[in-house]
Amino acid sequence: MHLHLLLILALFRAGCVVAGPSYSLSGSWRVSNGNGSLELPATVPGYVHSALHQHGLIQDPYYRFNDLNYRWISLDNWTYSTEFKIPFNLSEWQKVKLIFDGVDTVAEILFNNVTIGKTDNMFTGYSFDITNVVKDVNSLKLQFRSAVQYAECQSKAHTSYRVPPECPPVEQKGECHVNFIRKAQCSFSWDWGPSFPSQGIWKDVRIEAYNIAHLDYLTFLPVYDNASQAWNIEIKASFDVASSKSVGGQVTVAIPQLKTQQTNDIELQQEQRIVKLLVKIRKDVAVETWWPRGHGNQTGYNMTILFALDGGLKIEKAAKVYFRTVQLIEEGIKGSPGLSFYFKINGLPIFLKGSNWIPADSFQDKVTSDRLQLLFQSVVDANMNTLRVWGGGIYEQDEFYALCDELGIMVWQDFMFASALYPTEPGFLASVRKEVTYQVRRLKSHPSIIIWSGNNENEVALSVNWFHVNPRDMKTYIDDYVTLYVKNIRKIVLSEDKSRPFIASSPTNGMKTMEEGWISYDPYSIQYGDIHFYNYADDCWNWKIFPKARLVSEYGYQSWPSFSTLEKVSSQEDWAYNSRFSLHRQHHEDGNHQMLHQVKMHFKLPQGTDPLRTFKDTIYLTQVMQAQCIKTETEFYLRSRSEIVDGKGHTMGALYWQLNDIWQAPSWASLEYGGKWKMLHYFARRFFAPLLPVGFEDEGVFYVYGVSDLHKDHHTQLTVRLHHWSSPKPLCSLVNSSIVVKAGEAVVLFQMPVSELLKRCRGCTRETCVVSFYFSTDKELFSPTNYHFLSSLKDAKGLLEANITVNISQKGNVFVFDLETSAVAPFVWLDVGSIPGRFSDNGFLMIRKKLSVLFYPWKPTSKSELQQAFSVTSLTDTY
């Protein structure tokens with residue numbers, strides 16, 4: 001706990017200096033359970049589980065079966081308490097407030113044994129007037145109630161009709177009635193995560209004292225005025241006025257780099273607390289706009305806002321302001337029924353390339369700045385430009401959005417409602433209104449957020465009737481849906497933020513959904529809006545099973561994390577694919593079988609006698625399968641951006657499910673818990689490259705498309721090669737040296753019947769050869785070599801067990817792995833166990849005899865440590 005001038009990291013790591021003191025209560029507290037049998041120190045911000053683990057009272061909650069073993073923690077009622085002395089003279093201040101930025105979730109707050117308020121929503125801040133109860137020495141208690149028990153009680157109180165789903169599927173081993181509490185919906189379990197319905201003070205808590213007035217919030221929105229062809233900034237500030245009299249003053253906004261300074265007179269009263277300003281940017285000053293990654297710079301300008309009020313009060317806020325426009329284009333497409341669905345940033349159509357973000361941990365106090373920055377570096381390194389913040393988790397911390405702004409990562413922001421129906425009692429709706437207002441005001445100044453989405457999959461849940469509600473009752477549920485997402489959430493968003501689009505759900509049909517009364521007849525329509533698509537039964541190498549939709553905001557396949565990640569939370573008896581641990585960790589129904597089903601279509605399952613080797617090989621094959629499946633699907637979406645075929649196409653976004661993991665378990669993630677890259681993430685780095693050749697077959701003809709995110713046409717050379725599996729030396733090459741890849745398009749550059757291709761390369765059959773192809777570009781432009789399999793690899797002939805030798809050397813902070821192979825090696829996987837870092841490439845088809853790969857460590861390591869931990873695997877090693 002410490003005293004400081006008020007410094008709030010509310011927007012863009014901005015600072016706000018106030019004449020009154022701000023005293024942080026973060027730091028060391030005490031926490032005790034319901035019957036008082038446990039009492040221990042606890043850190044705030046933090047969680048009960050974290051405190052128990054830190055003091056050795058429980059193991060790692062993620063170890064083996066501890067999600068079940070420690071269920072008692074979430075069922076108990078815990079109390080956080082602290083005592084503190086006010087380090088300033090209370091008599092000098094008219095008003096004193098106790099402010100919580102986040103309480104998780106249901107608690108009664110006692111200040112000096114006086115109840116000053118209650119909390120029931122994890123997603124909003126709370127402010128309490130303690131002027132009349134604060135003393136020089138004070139006690140503060142938060143008496144938490146079990147979120148599980150609270151949700152059950154709220155559900156039981158809703159007696160008029162059921163609000164499904166009552167409980168999660170049994171595979172998830174979770175708790176019931178999560179839709180009755182405003183808390184991270186995945187905290188009660190999900191099909192990729194555990195049930196840890198935690199309790200704690202998860203964000204900052206502080207005391208603020210002031211005279212005259214206090215700045216409660218401040219937002220700013222740059223808006224481009226088409227009529228005047230100039231930028232304006234809409235600024236809105238809200239004050240708590242302590243004085244009974246009106247308070248006059250001035251506000252000055254300055255942006256030195258844009259030669260902008262504007263001063264306005266203002267007047268505040270207790271009933272008139274809002275200040276609205278329109279700051280006009282000079283037309284003769286060039287404004288550099290903010291661009292998504294890969295399309296330009298993320299230029300921002302330092303802005304100061306100074307409120308000089310009567311009585312000598314000065315409140316200054318410094319922030320970074322970014323200028324950009326966003327449009328969601330829904331209009332007719334020639335040759336296709338329906339409407340387009342794509343985004344324009346600063347007037348330029350942008351293909352969304354990225355993934356879906358889930359909470360990085362069940363316990364947010366573990367998501368440190370370093371950990372967050374490491375995850376974002378992996379996003380950037382994989383050539384992504386978009387993250388969808390999924391609606392079953394949390395509105396992310398301020399640093400998350402600041403990083404998105406700085407790095408050019410667009411954000412598709414869901415509101416936190418997912419895969420469920422929700423009650424619409426007055427109390428629930430009032431809490432949601434506070435939540436939505438709070439979050440929109442907190443986040444709307446971030447240029448990275450390009451769209452608000454009301455929920456995850458709740459429109460389709462009603463349209464398809466996921467929860468088997470009686471058709472006679474469907475109107476009640478539809479009315480509840482419209483009440484919550486349209487009449488409340490949408491109404492608030494449109495009132496608070498007109499700068500970006502809002503859709504009621506994802507997936508949705510956009511404008512078509514509105515026309516159909518907000519529940520579309522077919523939310524999965526590929527002619528409108530966005531879709532979510534999953535298919536675990538059909539062959540994922542067959543691109544024809546995938547929908548040629550306008551934008552695909554979810555799609556994916558599962559895999560297992562690496563053995564080095566699992567080893568930390570398991571014991572030797574767990575190391576088998578069908579062990580009790582493996583079955584327990586799989587929360588998706590039939591998930592383990594579905595992975596093997598896909599693997600068996602194209603690969604041979606391990607047949608070894610060593611159980612541990614078999615387990616490791618199976619893990620490897622699930623990662624190969626996942627990477628190859630999502631490569632095939634993503635490349636289909638990428639090459640569909642510029643074409644309409646049979647009325648389908650104009651795909652302008654591919655966000656695979658999912659980016660990150662919440663714990664160590666099989667999931668759809670490309671990044672394991674702890675940040676290690678799965679094979680899929682290396683594939684994503686390649687298939688999201690700014691210039692990519694994409695190959696596929698249709699009716700016996702082999703095609704190569706050129707897919708470009710570049711802003712200019714690119715003149716290059718395309719080389720197509722055939723290789724025999726037994727030798728890295730290419731059998732033949734076809735070269736076209738006059739290729740033009742169109743800017744921002746996907747176009748056919750090469751086509752040839754496979755039979756003709758094989759004729760030109762004597763000695764090749766579908767089973768004995770593989771195709772590679774690449775653009776010849778300068779070193780500054782990343783354009784990877786791609787490949788196409790002419791048969792399933794389980795049918796490949798001449799595929800030898802490659803002897804791959806490796807020599808490791810060090811150059812500065814980077815390590816060089818020089819590889820040499822005796823034969824073409826599919827899916828070469830370099831692994832250094834638990835040593836944190838990533839390779840420049842991995843999981844690749846090694847078609848050259850020699851290859852150098854770089855390793856970038858995330859922490860200091862040595863050549864000897866790498867040599868000891870290193871292993872290399874290719875496909876034939878699993879036979």
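Using N, Cα and C of the backbone, Cβ positions are placed for all residues, glycine too.
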Which of C167, C186 is the other half of the disulfide bond that Swiss-Prot records for C176?
C167
With reference to Swiss-Prot, which of the candidate residues C732, C769 participates in the disulphide bond with C764?
C769
Per Swiss-Prot, which of C629, C732 is disulfide-bonded to C761?
C732
Max CA-CA distance, Å, over listed substrate-binding residues W190, D191, W192, N456:
16
Nearest-integer angstrom distance between the alpha carbons (Cα) of W192 (substrate binding site) and N226 (N-linked glycosylation site):
46
Using all protein chains in view, find how many other C-beta atoms are within 10 Å of the C-beta of N113 (N-linked glycosylation site).
8
Provide the number of Cβ atoms within 10 Å of the Cβ of N803 (N-linked glycosylation site), excluding the reference atom itself.
11
Could you work out which of the binding-site residues (W190, W192) has its C-beta surrounded by the smallest number of other C-beta atoms within 10 A?
W192
Among the recorded positions listed here (N77, N113, C167, N302), which has the Cα closest to the Cα of N456 (substrate binding site)?
C167
What is the set of residues, excluding W190, D191, W192, N456, whose C-beta falls within 8 angstroms of the centroid of the C-beta atoms at the substrate site?
C186, G193, I358, G392, A418, S419
For N807 (N-linked glycosylation site), just give me the three-state DSSP call.
strand
Where N807 (N-linked glycosylation site) and D191 (substrate binding site) are concerned, what is their Cα separation in Å, rounded?
41
